[in-house]
Each structure stands twice: as structure tokens, then as C-alpha cells.
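Feature annotations, courtesy of Swiss-Prot:
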- 415-422, 461-465, 515-518: GTP binding site (BINDING)
- 406-575: domain 'tr-type G' (DOMAIN)
- 440-444: region 'G2' (REGION)
- 461-464: region 'G3' (REGION)
- 515-518: region 'G4' (REGION)
Amino acid sequence: MADKTVKELADMVSKTVSAVQKQLTDAGLPARGEDDLVTELEQEQLVAFLKQSHGQKEKRRISLKSKTTSTARVTGSSGKSKSVNVEVRKKKVFEKPDPNKLAEEIAAREQAALEAKKRAEEEAKKREQVKKEAEERQAATLAAMRANLGGGSSSSDKKEELSTVVVKKGSKAAAAAKEAPKKKVAQTKPKVETAAERKARETREAEEERLRQIEAETRRKQAEEAQKKTLEQMRKMAGKYSDKDPVAEVRKDEPLAEGLVGEALEESFEKERREIKRGSASTATRGRRRKGQEEREIRNRKHGLKSSQASQHKFEKPVEKIVHDVEIGEQIVVSDLAQRMAVKAREVTKLLMKMGEIVSADQEIDQATASLIVEEMGHNPIPVSDTKVEDDLQEAVEERRSNVQTRPPVVTIMGHVDHGKTSLLDKIRETKVATGEAGGITQHIGAYHVETDRGVITFLDTPGHAAFTAMRSRGAQATDIVILVVAADDGMMPQTEEAIDHARASGTPLIVAINKMDKSTADPDRVLNELTTKEVVTEAWGGDVPMAKISAKTGEGIDELLELINLQAELMELEAPTDGAAQGVVIESRLEKGRGAVASILVKKGTLNQGDLVLAGEFYGKVRAMTDETGKRVKSAGPSIPVEILGLPDTPAAGSEFLVVSDEKKAREVAEFRATRERERQLERQNKMRLESMFEQMGQDDLSFLNIILKTDVRGTLEALLAALEDLSTDEVKVKVISSGVGPIAESDVTLAESSEAVLLGFNVRADNAAKRKADEAGIDIRYYSVIYGLIDDVKAAMSGMLSPEHREKILGIAEVRDVFRSSKFGAAAGCMVVEGTIYRNKSIRVLRDDKVAFTGQLQSLRRYKDDVNEVRSGMECGLAVRGYDVEVGDKIEVFEIQEIQRTI
């Protein structure tokens, strides 16, 4: 609490000024006016007085209990060792000192300090008096000798006698001075000294005495300052103890802080008490030691040695808690977090348990949870993005860009499979791409730029098959305008709706192209009506979505569609910087024999030149060559231009961004960071074993796995097939992709398929010669595909073969027992009438009595008249005998069989 005036204090406690003034007077404080200040110490004294007057009793004692459990190995009488749990319980009691006793101790210490000071002053005065008396006696003796020797002796004799007397008198004076501290010194042989030597000696002794006095005064001042600091600290602690509850002081933000201070003070006071006891020895002993000690200190000071006083222990004030600035990433390990806060990991895990999070020291927690932990422990959390290295690189590249110009639009053609997307693009390009594709469907993202009369337009052709959802999503994110192709004779289909959702999610403008208008079954109004169900209202129906009716076969409406594209591009005012480092997106990547990794990219900013250092995903390398979509070599590519580049060490992931960097060291650092992050994610996915997954895996002993090794021609197709295969998994058969990659099938793939009993599938790739020889030797069948339908259908068939068959029961016939007679051969025989179906001799039967199953077994005999027969049809009589059971009149004989039905995915 800060210093406050009496009026502010009255407002704070909602009392009148006069009432507060009366309380201050009752508490023993001087009277004050309403504008006078009340210090913090006086406020604490007032609160203590009010608590005491209201009858509140202080808690002076607090007990802390601890319990530790350990295990010990004990050898019994039989010689066998066993584990014994050992529990150790400890109890510590902390008692708050009585303020009255504390005040008495402070007063006693002050009195002891004053007495010590007086004794030191008296001893100094005694030394001065003894020295002064010795000097006076020496001066008187010298004067008397001069007077006696003033007569008729020769000058030489006078000098000798005078010097002899001076030496004798000086020896007596020195002996008298040494008797002052009551210590006898043996007489030495007198030495004759000259007047100059005597004067130098006296000067030296005076200087040494002055230095001793200065040193004694300095030590006295240091002792007084240390005593004052200790007493001030005790007064503060006494003030705190006088009005605070010791139990309440153990708060979350300063656990055991007061206890540590108290222990430090008690230890310091105990040492001071021991020093006082040792210092209360006889004054005579101290007097004998002091002079020798002072002389040693003077000699040490001259030689640069430290005094023994410097090594003496003094009480130091406890250091306050250090607040750390803790940097926290998006994910952080508990042990690392504890290390950054300079605490034990156990304390962090305990705090997490209180928050409801049960984690170990080597597990990761998110950034929000870690920030709460850091704040709870009194430190400053500093959130740091895990992509800081990438962000810094991006900022450095952005600073070098300039010269913003208009760029061509990037248009993505989307729609359902077989609705004519590629045919429309062929008509615009005047090529025949669709006829050359496997199955007549697009299975890659194709990027083309077309020079029309209205300017350059870049087209992205996406696949429409359901398995290529990720490809369509990437196409929508990298584009400026989406052309939604809908067949006039087919209408809205699932992939059409998905394309609309992708366009909305990316915020891309939409242009509807109703294709196949040349067909007689075309119904554009039905298409427009179906589009309104997805809230796509065209301009023809009063909406804001442009629409064109086209025919990719005849070319009808193509010019109108291109006009709509250019108009939309002008409204969007598409611009991009042409100078500086290039940046864009990887559309597709693949491995080609003799060329290595080939990446199809779309430049979005800047200009890409041959020889630039490109960072794409986890890989970086220099651009060795660039080609356009027709295979023609180019030297540079500006914004909105698609090209294929060579020079990367491996195929980057489709959809990842690429960036041209100038510093190879920085590129390596970012690439290694991304690769490490990807490895950690894969390892986390593989080793993730949580409680939920443990319950899911229980009871799945009969679960079957179909192991697959998949190789494709491009990265995008690989991702699409992996997602499609994962969706095929059921509760009984799981598809497990052991290995996957881009490029031809190698010998290592065949070896892996042999060891893991996996199916080896190739999509638009072939096995090399070494792989073929290895497959023939191991008897492994390699399956090749060029259409995604065939691959998925074959995997489904393989999974269906791994399913356990379904058993279904079929009732074949029912016969009623009309009479029962005895047979010497079969025992009880029944005469029956077949009322439904056919009764078979070699099939299983049930005996129903009162419509309840009484017996299940086999027929022993089936006869028609006296002939044994294998079956009896409905409406005919027969005789039968049931093996191991006696039937009765009125029973029903039900004949059935169990059929196995092979299930399919």
C-alpha cells in the first residue's frame, strides 16, 4: 500500500475523517489533519491495532508435513529378497516471533553496540594518554641533561655523554610505553642513533599511528552500517509479522518466500550472537592482540595483501525472485519449458495436473497451455511462431521487389468428370490433348498459357474424378477466376458441387460455362435451376454470376467466354511486381529418366530466370533449365506464366510454394527446418498411441491388412491415390500403404514387397530391368495402371477376397408329423405330410414343438412308401426317422441349409 492522506484513507474504508483521526490517535500515532500523509508503516500499525481491538487472534504457528515413499530390498530368513515399501514422514513447525521479544532483542543489540563503541573510544584515549606522557618525560629528560652539561667539559666529551644519556633516557621511555598494555618486553642492547634517525623514527611512528586510527575508524563505520542494515531489516520483518497471518502469506505468487527470509535472518542473528559471545572475552586479551593485528594489517596493505576482515561472513539480504522471458513455440516439450523457467520439470507437471492435463516431462503441450503455465509461475511468456525462419526469409525477399505491372489472369477450369473441361481448353488452344489422355479423362493438373486476341490467359485444367479433390482445391487456391463447366445434358453432379465449394472457400470469382449445347438433349434451364440450389444465380436469372452457353465440339460461345474472362480480369485489376525475386506455387512434380526431378510451377510475383536458386518445399537447387508447356526452352518467366524447371534434388509436394533466394546458406537452413518438421510430424503420426486408439484396437485380433506399395508418375496423382486408398479401409480390412513414391519401380521396391507381402502397383510408371528380374525370381506380380478407375476397382476386389464370408440360413421345407409308429430298425418313426418346400434326406433338420425348437440334428431315414428316397416334395406323404430323438404327433420337421455368401467392399 502507498502513502495516503487521512481523507483518502477515510474514503477508502468508507468512514468519516474524524473517525479515522480518532483511530490513529488510539493506535498511538500522532494527530494529523485531513490532508496530512499516513505512511505505509503507519497504515500497517493502524491495521494491526484494529485487528487486536476487534479480538482477532494471530496464528503464530504453521506446520508443514511431507511424506516420501521408497522401496527397499530386504533379505528374509529363508534367503529370499523381497521389496518393502518404506514411508518417511516429516513435519516442520514454523513459529512467528513475538513482536515484543523482537523489540527487546533489537534494543539489546543496540545497547551492546553502544557499549562496544564506548570501550573502543576509551581504549583509544588511553593509548593517546600513554603516548603523550612518554613524550613529555623524554622531553623533560633531554632538557635536564642539556642544563647539566652546560659547564667546562670539552665539546667532544659533551657530545658523547649527551648521546649516551639520550639513548638511556630513550630506552627508559620506550620501556614505559610498552608497560601501558601490561606486557613486559625483554631489554635489548641500546643502539646509538643520530638526530636524523631519531626524527625519521618519530615521523614514521606518527604516520603509523595515524594510519591505525584511520583504519580503526573505517572498521567502526562499516560495523555500524552493517548493524543499521540488519536492524532495519528486522524492523521491516517485525512490521510484517505484526499484522499479517503467516498462513495467508504462503501465496501462489511467492511460495515459502517469507519462510526463507525468516530462516536467513535467524541464521544471521545466531552467528552475530556467537560473535558477541566470543567478543565478550577479557579486554586485556583483546588489548594484547589488537596492536599486533593492526601492525600486520598495515604491512599487508603495503604489500598489496587482503585483510582478514574481508573474508569474514556478513549477512546478505535475500535476492528477490528472477523473472524470465520465456519464448514459447507452437508446440513445446514440458522439460524444455521447465528449463527455460529455471525450475524442475516436476513442478510444471504438478501445475498441469491441477489444470486437468496429465502429461509427462517428455510430452509436448500447445502454446496456449504453456503460456498459462509461464504466467502462473510468475514469468513473462513470449509466443514465437515456428515458421519464424520462413517468415524472415519471406520479408527479406519482399523488400527487393518493385515495378508493379498488370499481369495476365490465371483461370482454372473445374467441373465433373466427362463434362468437357479439357475439350473446352483444346478448342481454345486448337490442340487435341484430351484424345491423348488415358481413358479420355484428365489425371493431372495441366497448366497452359494462351495468347488470344484479347491478351494472354493462363489456364489450369484440373481432373474431375472424385479422387482428385486435393488437386482441385490447389487449383482453386492458385487461380484468379474459376470456370465451372456443366454439361447441358447431365446437369449438376457431385464434383460440380465440390468445385463450387472450393471456389467459395478461396474467394475466387466464378464463371459458369454450360457445355454440350450442340446435343439434342441439352437442357440449359434445368442446369440453371439446379445451380440456384447451390446459391449460384447467373446474370440471366438476375444474379451476379456471368454465364456462357458453349460447345467445345463446334466452338459455339467460345469467344463470348473469353470476353467474360477478360472483362472479369479488368474488374479485378490484377497486378504483380515484375522485378525482384520470383515467387509462386508448385503445380505438379515428377521424376523423369535422364532429367531427374521436374517441377511444374506457376510464377505469381517477380521474374524467374535460369540459374536462380529456388527453394521449393523441403528442397532447394539452381534452375538448370526451363521449358514451357510445349517443351520449348525459355530463359525467364514472369507473373502468371507456367513453366517446368530442372535442378531440384527431389520432387517437391504439389501445392507447396517456391521462392527464389540469394543466400544458399539461408535456403539450406529453411529447407532443413522444413524437412525436420516433416519428419517430426511423420514420427508423431506413427508413434501416436493414445488411450482412445488403444480402446479402438482392442478386440480387433481378426483384423486383416492389405499391404500396398504404390509408385506413380507425378506427386499430385500420388497424393490423390493415397487419399482414395485410405478411404477404402473398413472395420475388417485395412489398406496399409507400406511405401509410396514418384518414379519408376526399382529393385528396392520389389525387395520390400517380398519381405512385407505387399501388392506392388504402378500408375503410369514401369519397372526397370533389375526390378523385373527380381520380381520374376521372387514370383511377385507387378500391376500397371493408367486409369484410376482400374486401380481402385482391383484394390476393392483384393479387399473383398480378404473378407470373411457371410453365412445365411435358408429353409428348404417343412413337414408335419401326423402319426408315430415303432420300427424294429429305427425305433420311433413318423408319418409326415410335406406342407411346404422339399424335404431332403442329407440336410440338417429342426424339430419344432409348439413352434419352439426342441431338437436340431440329422434325418436317419426318409422313405416314400417302402422305398428309400433322397427328397419328398410339397403335398406328398413320407415316413422319416430322426437320429437320436423321438418325435411326437403334432411336431413339425423343418429342413434347412447354411449358405456362404462372399461379401464385397
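Placement of Cβ uses the backbone N, Cα and C atoms for every residue, glycine included.
Just so it is clear, the model here is predicted, and its values are computed rather than measured.
Feature map: Swiss-Prot annotations on the structure.
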{"residue": "Gly415", "record": "GTP binding site", "CB count, 10 Å": "28"}
{"residue": "Asp418", "record": "GTP binding site", "CB count, 10 Å": "16"}
{"residue": "Lys421", "record": "GTP binding site", "CB count, 10 Å": "30"}
{"residue": "Met517", "record": "GTP binding site", "CB count, 10 Å": "19"}
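Per DSSP, the secondary structure of the region 'G4' (515-518) breaks down as 0 helix, 1 strand, 3 coil.
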